[in-house]
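K.L.:
Before I ask anything, here is the structure I am working with.
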Amino acid sequence: QDYSENNNSTATLCLGHHAVPNGTIVKTITDDQIEVTNATELVQSSSTGKICNNPHRILDGRDCTLIDALLGDPHCDVFQDETWDLYVERSSAFSNCYPYDVSDYASLRSLVASSGTLEFLTEGFTWTGVTQNGGSNACKRGPASGFFSRLNWLTKSGSTYPVLNVTMPNNDNFDKLYVWGVHHPSTNQEQTDLYVQASGRVTVSTRRSQQTIIPNIGSRPWVRGQSGRISIYWTIVKPGDVLVINSNGNLIAPRGYFKMRTGKSSIMRSDAPIDTCISECVTPNGSIPNDKPFQNVNKITYGACLKYVKQSTLKLATGMRNVPEKQTRGLFGAIAGFIENGWEGMIDGWYGFRHQNSEGTGQAADLKSTQAAIDQINGKLNRVIEKKNEKFHQIEKEFSEVEGRIQDLEKYVEDTKIDLWSYNAELLVALENQHTIDLTDSEMNKLFEKTRRQLRENAEDMGNGCFKIYHKCDNACIESIRNGTYDHDIYRDEALNNRFQIKGVELKSGYKNWILWISFAISCFLLCVVLLGFIMWAYQRGNIRCNICI
């Protein structure tokens with residue numbers, strides 16, 4: 001007879017935590033795969049597929065690179081004096097003017113991009129004895145031959161090209177960027193036809209720097225009908241400094257300067273469409289939400305962005321260890337506590353009670369312990385997000401071929417940083433997951449110990465997270481245990497009396513079992529004695545003979 005279930009003078013009270021049929025696998029310090037009831041993804045692994053134009057000012061470069069817009073390529077005239085937070089260069093961008101190359105292209109591109117403006121101011125350079133505003137069929141502006149709008153191609157006047165010596169002081173309180181060039185003719189005949197001298201020379205200097213360029217005459221691959229080239233150079237003139245230009249031929253002169261600004265603007269190569277929306281973080285793949293601490297979309301970012309990590313997923317446990325409920329004998333047919341398994345269907349709390357008494361069965365959540373666990377887990381999640389969601393952007397890194405070793409070093413440094421961030425992120429999440437599981441287990445144990453202290457000798461720990469209560473405990477009594485108002489003194493005498501009676505019955509049942517076992521053993525012994533006696537009697541009568549052969 002099972003007194004814990006059938007005797008109206010007793011009751012069973014179990015403590016447990018909620019469970020779900022299919023939990024989420026997370027990593028901890030001690031276990032790579034542990035199932036929890038709930039987890040939050042910390043890695044943003046997808047973008048919106050479009051670049052949001054708010055709050056950042058996005059300038060769509062369309063078919064113009066930033067350098068083409070800077071020089072004034074005819075098809076980029078719409079970008080004159082433009083400003084931006086982020087200049088988006090498209091893969092479809094192309095040059096449509098005289099073929100050129102840029103000395104230290106990446107540095108100039110980065111400098112102009114960070115300035116965030118193409119604001120240009122014309123200055124009154126005096127070029128005496130030469131013809132200005134040269135053009136080329138390779139650079140048409142409308143039906144006529146043209147040239148870069150920010151540059152002035154100087155050629156001979158009549159049959160002379162005098163030595164040019166021009167100075168331009170910087171009397172303002174900001175840096176000025178001057179862009180100039182040197183023309184490399186394809187033949188000696190072209191050289192003399194344009195500049196008279198068989199070999200020209202261009203020297204541009206300030207108090208801090210000097211560059212002297214001698215043209216390289218020779219044929220090159222044809223581009224837009226030209227085998228000559230223009231080399232573009234640039235010089236920054238600080239406030240109080242002076243720009244000096246000296247040349248006897250081949251000079252592509254500046255028309256003025258670009259006003260340099262110190263800012264956090266940038267440039268990005270992307271083919272993602274630009275749309276009207278709001279996002280703090282932009283990647284070449286598109287804008288991404290900013291509500292997680294890590295992202296795996298792209299290393300290159302602009303704005304208040306998430307840290308890039310290698311992992312495509314990092315799950316932070318926001319629930320307890322999941323132990324699905326065993327349903328072999330029904331919900332209460334096999335009432336059991338948290339030591340055996342969790343409870344499914346607890347929708348109003350994480351921890352709770354199940355009871356079985358003379359009035360039937362029931363279940364209720366313990367809101368206090370549930371709220372304590374939730375508050376600590378939410379605080380942990382917020383701390384992780386705040387700790388890792390630093391506002392920064394990672395610009396593109398470019399280097400020319402001669403800077404290959406620098407590029408390799410830069411790539412190594414960036415890869416190492418990403419490796420460290422990825423390792424730190426994984427370690428942080430594993431540590432926090434371990435703490436969360438320990439924390440939720442601790443809250444369960446606290447509730448169990450609190451209940452044990454209330455019941456004292458009035459109940460017995462059944463070893464599975466349940467208590468056998470040795471007195472009649474109706475629903476009001478069960479509720480007093482749950483809310484902490486249970487008075488064990490009221491039920492002590494009844495509990496002691498019932499305990500002795502139940503233990504006595506269990507003891508008698510135990511004696512009966514022992515007597516049965518002893519009787520069975522004696523019967524077996526007597527049967528063996530009778531069988532042995534029969535064998536001895538038959539042997540003496542000669543009915544049984546035993547031969548031993550060696």
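Each residue, glycine too, has its Cβ placed from N, Cα and C.
From Swiss-Prot, here are the annotated features:
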DISULFID  Cys52-Cys277  disulfide bond
DISULFID  Cys64-Cys76  disulfide bond
DISULFID  Cys97-Cys139  disulfide bond
DISULFID  Cys281-Cys305  disulfide bond
DISULFID  Cys473-Cys477  disulfide bond
CARBOHYD  Asn7  N-linked glycosylation site
CARBOHYD  Asn8  N-linked glycosylation site
CARBOHYD  Asn22  N-linked glycosylation site
CARBOHYD  Asn38  N-linked glycosylation site
CARBOHYD  Asn165  N-linked glycosylation site
CARBOHYD  Asn285  N-linked glycosylation site
CARBOHYD  Asn483  N-linked glycosylation site
LIPID     Cys546  S-palmitoyl cysteine
LIPID     Cys549  S-palmitoyl cysteine
TOPO_DOM  536-550  topological domain 'Cytoplasmic'
TRANSMEM  515-535  transmembrane segment
K.L.:
Are there any residues at least 6 positions away along the chain from Cys52 (disulfide bond) with a Cβ closer than 8 Å to its Cβ? List them or say none.
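P.N.:
Sequence-distant Cβ neighbours: Ile58, Ile274, Asp275, Thr276, Cys277, Ile278, Ser279, Val282, Ser287.
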K.L.:
Check Cys97 (disulfide bond) against DSSP and tell me helix, strand or coil, would you?
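P.N.:
Note: Cys97 (disulfide bond) is coil by DSSP, not helix or strand.
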K.L.:
About how far apart, in whole Å, are the alpha carbons (Cα) of Cys97 (disulfide bond) and Cys305 (disulfide bond)?
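P.N.:
Rounded to a whole number, the Cα-Cα distance is 38 Å.
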K.L.:
To the nearest Å, how far is the Cα of Cys305 (disulfide bond) from the Cα of Cys139 (disulfide bond)?
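P.N.:
Cys305 (disulfide bond) to Cys139 (disulfide bond), Cα-Cα distance: 41 Å.
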K.L.:
Measuring Cα to Cα, how many angstrom lie between Cys473 (disulfide bond) and Asn483 (N-linked glycosylation site)?
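P.N.:
If we compare the Cα positions of Cys473 (disulfide bond) and Asn483 (N-linked glycosylation site), the gap is 15 Å.
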K.L.:
Rank the disulfide-bonded residues Cys277, Cys281, Cys305, Cys473 by how many other Cβ atoms lie within 10 Å of each Cβ and give me the one with the fewest.
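P.N.:
Comparing Cβ neighbour counts within 10 Å for the disulfide-bonded residues Cys277, Cys281, Cys305, Cys473 gives Cys277.
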K.L.:
Could you list the residues of the same chain, at least six apart in sequence, whose Cβ is under 8 A from the Cβ of Asn165 (N-linked glycosylation site)?
P.N.:
Val244, Ile245, Asn246
K.L.:
In terms of DSSP three-state secondary structure, what is the assignment for Asn285 (N-linked glycosylation site)?
P.N.:
coil
K.L.:
I want to verify one value. Collapsing DSSP to three states, which class is Cys76 (disulfide bond)?
P.N.:
helix
K.L.:
Counting every protein chain present, what is the number of Cβ atoms, excluding its own, within 10 Å of the Cβ of Asn8 (N-linked glycosylation site)?
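P.N.:
So the number of other Cβ atoms within 10 Å of Asn8 (N-linked glycosylation site) is 11.
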K.L.:
Measuring CB to CB from Cys139 (disulfide bond), give everything in the same chain under 8 Å that is also at least six residues away in sequence.
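P.N.:
In sequence order, the residues whose Cβ lies under 8 Å from that of Cys139 (disulfide bond) (at least 6 apart) are Asp73, Pro74, Asn96, Cys97, Tyr98, Ser145, Gly146, Phe147, Phe148.
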